[in-house]
Amino acid sequence: MPVVIGFEGSANKIGIGIVRDGEVLSNPRRTYVTPAGQGFLPGDTARHHRACILAVLQEALKQAGLTPRDIDAVAFTKGPGMGAPLVTVAVVARTVAQLWGKPLLGVNHCVGHIEMGRLVTGAQNPTVLYVSGGNTQVIAYSERRYRIFGETIDIAVGNCLDRFARVLKISNDPSPGYNIEQMAKKGQKLVELPYTVKGMDVSFSGILSHIEEVAHRMLAAGECTPEDLCFSLQETVFAMLVEITERAMAHSGSHEALVVGGVGCNERLQEMMGIMCQERGAKLFATDERFCIDNGAMIAQAGWEMFQSGQVTALEDSWITQRYRTDEVEVTWRD
């Protein structure tokens with residue numbers, strides 16, 4: 001019964017989780033929150049992570065009721081993500097692994113989301129819609145790889161939402177995407193926005209540039225409310241995502257869809273995906289904010305799968321990379 005501890009810190013969340021044979025024993029995390037109208041910079045985010053990572057580590061062990069001697073392996077996010085935060089977490093994970101005498105496991109962040117989603121929901125072989133602040137991909141498993149059927153050709157959907165939140169000075173607490181979701185529920189008018197699907201890929205930079213340009217003019221003229229703009233942006237970008245996911249499901253003959261990543265806990269996106277799946281006779285799987293949003297347990301779970309299949313990461317190979325594609329990982333733990 002291997003016990004794996006996972007360190008996640010690729011963006012503004014620092015999380016440490018412990019998993020034992022599919023059971024999440026602990027999963028504490030902290031979030032670096034900036035003032036409304038601002039994003040988070042790599043250096044500032046890394047400083048935040050350095051300030052609290054040891055406290056989160058102690059909390060994870062205490063919640064699980066374990067000591068370092070009970071841990072069998074140490075997993076950490078190898079990438080993708082922001083450079084400085086990734087380095088901060090990797091250094092601590094390497095140090096802990098050497099102090100405790102445990103093997104290291106360098107985990108792909110995207111694969112961590114997928115494996116956590118599969119564990120929590122029980123989905124067997126789903127088409128995956130992975131949507132977050134840094135990534136937007138439609139993925140399906142085939143021949144020991146998570147194959148990318150479609151993706152954003154510019155910015156991620158979460159980045160599009162976050163940057164629009166800065167235009168309206170929407171609070172970053174608990175997250176700009178969550179606050180946009182709440183405002184969108186009060187929207188009454190659908191404002192026409194650019195809809196850009198290119199084959200199996202999507203583009204969000206054009207819709208963001210457009211809404212950044214017209215938002216203040218339309219609001220000043222009384223043509224719409226901030227809630228209308230939030231509603232319209234959500235409806236448009238989510239419709240794009242549902243379209244390419246449905247096309248991937250048709251191509252692969254899949255009867256399961258799994259939504260993962262921070263944007264995946266948006267209830268409206270889950271509702272739209274659910275309607276699509278119902279019309280196709282398929283089943284939708286999704287998780288809540290405990291596991292959709294970046295967390296340490298997802299890295300521990302992916303690390304657990306790697307460890308069980310005989311994978312370990314040598315110390316000299318434990319470097320991080322900001323660009324680490326989902327389909328670069330050999331998935332040795334699946335048939």
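Each Cβ is built from the backbone N, Cα and C atoms, and glycine gets one as well.
Here TrEMBL flags His109, His113, Tyr130, Asp294 as divalent metal cation binding site. Under the heading substrate binding site, TrEMBL lists Tyr130, Val131, Ser132, Gly133, Gly134, Asp162, Gly177, Glu181, Asn266. Annotated domain 'Gcp-like' per TrEMBL: 29-300, in sequence order.
All features noted in TrEMBL, drawn onto the structure.
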| residue | record | Cβ within 10 Å |
| --- | --- | --- |
| His109 | divalent metal cation binding site | 27 |
| His113 | divalent metal cation binding site | 34 |
| Tyr130 | divalent metal cation binding site | 26 |
| Ser132 | substrate binding site | 25 |
| Gly134 | substrate binding site | 19 |
| Gly177 | substrate binding site | 25 |
| Asn266 | substrate binding site | 26 |
| Asp294 | divalent metal cation binding site | 27 |
* Asked: Between the binding-site residues Ser132, Gly177, Asn266, which lies closest to Asp294 (divalent metal cation binding site), Cα to Cα?
  -> Ser132
* Nearest to Gly177 (substrate binding site) by Cα distance: which of the binding-site residues His109, His113, Tyr130 is it? -> Tyr130
* Rounded to an integer, what is the Cα-Cα distance in Å between Asn266 (substrate binding site) and His113 (divalent metal cation binding site)? -> 16
* **Output field, divalent metal cation shell: CB within 8 Å of site CB centroid, site His109, His113, Tyr130, Asp294 dropped** => Ser10, Cys110, Gly112, Ile114, Ser132, Asn135, Val260, Gly261, Gly262, Met298
